[in-house]
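**Q** Below you'll find the structure I mean.
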Amino acid sequence: MQEASGLAPAPLPFQGRAMSLRETAYAKINLALHVRRRRDDGYHELETLFAFVDAGDELTAKPAPADSLRVFGEFGGALDDPFGNIVAKALGTLPHGEGWAVTLEKHLPVAAGLGGGSADAGAVFRMVERSHGLPADWHARAARLGADVPACVESAACIGRGTGTELEPIPNDLAGTPVLLVNPRIPLATGPVFKAWDGVDRGALEGATAREVAFAGRNDLEAPALSLVPEIGAVLVTLRQTGGWLTRMSGSGATCFALYDTPEQRDLAQAAMPPSWWTLGGALR
């Protein structure tokens, strides 16, 4: 693994049957998302500024005779196929010695533009890194699970190109920025949003730091997502009235975010949101 990844440099194997590992699957947001073109293979060429919130799902792993996965939490019921879950797939793609009993506490909404499943897989990669070390081809293994997974393994601000798997570092002058996530509790699958994109290339990312790129950027999937879930518009309008300096939709939606100058501004904004909406307040990593 690259030295700049921020992951633990030395393996920390299970020490006895009672030891457990715990990782947060940090919520992913796209501070900017520029879709450049449709590719012949059906995917899209894009440029995005990944950022991560200091909160998300929680995963725990304990030694067990065989791998297993238990899911609970507010959004656990949305994952009705544990064997098809990306956490189970991440376990299956990585050598990790004895079996692991993994518990996933699902706090992030599903199909929400937050990379929830990819973040969960990224947390598994970090747990395996701590306990056994990752194979040299970990990035390729992560990319096979999903376009956002390599970035979620690192869980640090970066630029993503190609389908999002080609990562580049960027000076992160947004770490610690107060952020509020809001979702109208309407799932929105990625495929239909990309299909509704108008195909117009509106240009590349611009800027030398995370703040500059975010401020100058846009989300090209916002308009197609709005055409499918008009309630996103109400979320954006409400957030823009709360004094944040940047409000935008994340990923393919329907979650939107606002960035603030102070935690007090963020907390007041969160308290002003309709109780029927899902919210999460935190800070950028």
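Note that Cβ sites are derived from N, Cα and C of the backbone, with glycine treated the same way.
Below are the features listed in Swiss-Prot for this protein:
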ACT_SITE  Lys28  active site
ACT_SITE  Asp148  active site
BINDING   Pro109, Val110, Ala111, Ala112, Gly113, Leu114, Gly115, Gly116, Gly117, Ser118, Ala119  ATP binding site
**Q** Measuring Cα to Cα, how many angstrom lie between Gly113 (ATP binding site) and Lys28 (active site)?
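**A** Between the alpha carbons of Gly113 (ATP binding site) and Lys28 (active site) there are 8 Å.
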**Q** Only counting partners 6 or more residues apart, tell me which same-chain residues put their Cβ under 8 Å from the Cβ of Ala111 (ATP binding site).
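**A** Looking at Cβ-Cβ distances below 8 Å from Ala111 (ATP binding site), excluding near sequence neighbours, one finds Pro187, Leu188, Ala189, Thr190.
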**Q** At the level of the C-alpha atoms, what whole-angstrom distance separates Pro109 (ATP binding site) and Asp148 (active site)?
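**A** So the Cα of Asp148 (active site) lies 16 Å away from that of Pro109 (ATP binding site).
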**Q** Other than Pro109, Val110, Ala111, Ala112, Gly113, Leu114, Gly115, Gly116, Gly117, Ser118, Ala119, which residues of the chain come within 8 Å of the ATP site, judged by Cβ distance to the Cβ centroid of those residues?
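**A** Leaving out the recorded residues gives Ala27, Lys28, Leu108, Gly251, Thr255.
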**Q** According to DSSP, collapsed to three classes, what secondary structure does Gly113 (ATP binding site) have?
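**A** The three-state answer is coil.
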**Q** When you measure from the Cβ of Gly117 (ATP binding site), how many other Cβ atoms are you left with inside 10 Å?
**A** 25
**Q** Validating a neighbour-count step here. Other CB atoms within 10 A of the CB of Pro109 (ATP binding site): how many?
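**A** By my count, 24.
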**Q** Under DSSP, is Ala119 (ATP binding site) helix, strand or coil?
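**A** Assignment for Ala119 (ATP binding site) reads helix.
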